[in-house]
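Asker: Supplied in structure tokens, the structure appears directly below.
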Amino acid sequence: MNRQNKTKSMVESALFAAIAVVFALAGIYLPLFAYALILLPVPFIIIGAKHGIKYNILSVLAASIIIGSMTEPLKALFIIVVVGFNSVVVGYMIEKKFSAGKTIFYGSIASIMASIISLTLLSYISGVNIIQTIEESFKMSNDLYNALLKNIAANPSKIEEVKKSLEYAQNMAIMLVPSSVIFSSIIITYINYIISGAVLRRMGYYIAKPRKFSQFRLPKNILMGTVIILVSTYLVRNLKTIDFETLFANVLYIFFIIYFVEGLSVIWFFLEKRNIGKGLRVFITIILLSIPSMAMIIMFIGLADIIINIRKIES
């Protein structure tokens, strides 16, 4: 790399790192912009894709130090782990011209690992436990509903019904924490890849586009994998070291979502085939999801597509 290119890389890296710092501070101090934090890897992915892994890592470290000095060290550690892992993997794979599918897959794995590490560190350093946080949130909701129902002189049986519903929701939320971490990591990685790609293309940089959602199809061996994992999960039910109920619930939830997404893709395929616009497709999807039990039907459509390839497209 000659001096001119090196200077350009340093300047661009510093610029995108500064943008990331502004994003992070806005997300930390302004509740309205809290969700902007999920886009924090984007500037670093762009740096990694254009200038390599070295500038990516240096930018993450520099931004983390600045954010830590303006907030608290724990937040800097969060940036290094969560943002660093994801942006380094995705940025590197874009630079090396890997396919969109592989980049999102390995980026998601990096994001899952980062989430596990950050949650563990958070619990160890600050004593904040995600399970306790969920329990406290539901306790507040329970107290609020009870007070509201008592104020309107609701039937005691109604109060008890609401209480049981909240307890069930709390138990499910706690039980499904592992699968929730997995899916949130995949979604965030996908969003960051799409946005990074859009910015890089505007800058004249080539980046592979993911398949259209209507063309999405799971690998052919997913069905065999599902059977093997479900059987393996069932076989470990007698192991004392594993909470079988939690494990089984998460495995079922993961496969439900996987086949549900496949089924939704099938529906979009046929809507697209009939030249129905994207806006109307979204509207139809929302209407379908508002119908009780429709999610289960969509899941079975996805399962059928894996078995008989309804759309006649390749994985």
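Note: Cβ is positioned from N, Cα and C throughout, glycine not excepted.
So TrEMBL says this about it:
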- 15-40: transmembrane segment (TRANSMEM)
- 52-70: transmembrane segment (TRANSMEM)
- 76-94: transmembrane segment (TRANSMEM)
- 106-131: transmembrane segment (TRANSMEM)
- 173-200: transmembrane segment (TRANSMEM)
- 221-239: transmembrane segment (TRANSMEM)
- 251-271: transmembrane segment (TRANSMEM)
- 283-308: transmembrane segment (TRANSMEM)
Asker: Sequence-remote contacts (6 or more beyond its ends) of the transmembrane segment (52-70), Cβ cut-off under 8 Å?
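Answerer: Counting only partners 6 or more residues beyond its ends, the transmembrane segment (52-70) has Cβ contacts under 8 Å with 9-10, 13-14, 16-17, 20-21, 24-25, 28, 43-45, 76-77, 79-80, 83-84, 87-88, 91-92, 95.
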Asker: Is it true that the transmembrane segment (221-239) and the transmembrane segment (251-271) have 3 or more CB pairs under 8 Å, sequence gap of 6 or more?
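Answerer: By the criterion, they touch.
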Asker: For the transmembrane segment (251-271), could you work out the same-chain residues 6 or more beyond its ends whose Cβ comes under 8 Å from its Cβ atoms?
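Answerer: For the transmembrane segment (251-271), the list is 176, 179, 182-183, 213-218, 222, 226, 229-230, 233, 280-281, 284-285, 288, 295, 297-303, 305-306, 310-311, 313.
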Asker: At a C-beta cut-off of under 8 Å, are there same-chain residues at least 6 beyond the transmembrane segment (76-94) that contact it? List them, or none.
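Answerer: Sequence-remote neighbours of the transmembrane segment (76-94) are 20, 24, 40-41, 44-49, 53, 56-57, 60-61, 63-65, 67-69, 102-104, 106-107, 109-111, 113-115, 117-118, 121-122, 125, 188-189, 192-193, 196-197, 200, 207.
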Asker: Could you give the residue numbers and ranges of same-chain residues that sit at least 6 residues beyond the transmembrane segment (173-200) on either side and whose C-beta is under 8 angstroms from one of its C-beta atoms?
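Answerer: Those are 38-39, 41-42, 45-46, 49-50, 86-87, 90, 94, 100, 103-104, 107-108, 111-112, 114-116, 119, 130-131, 134-135, 138, 206-207, 209-210, 245-246, 249-250, 253-254, 257, in sequence order.
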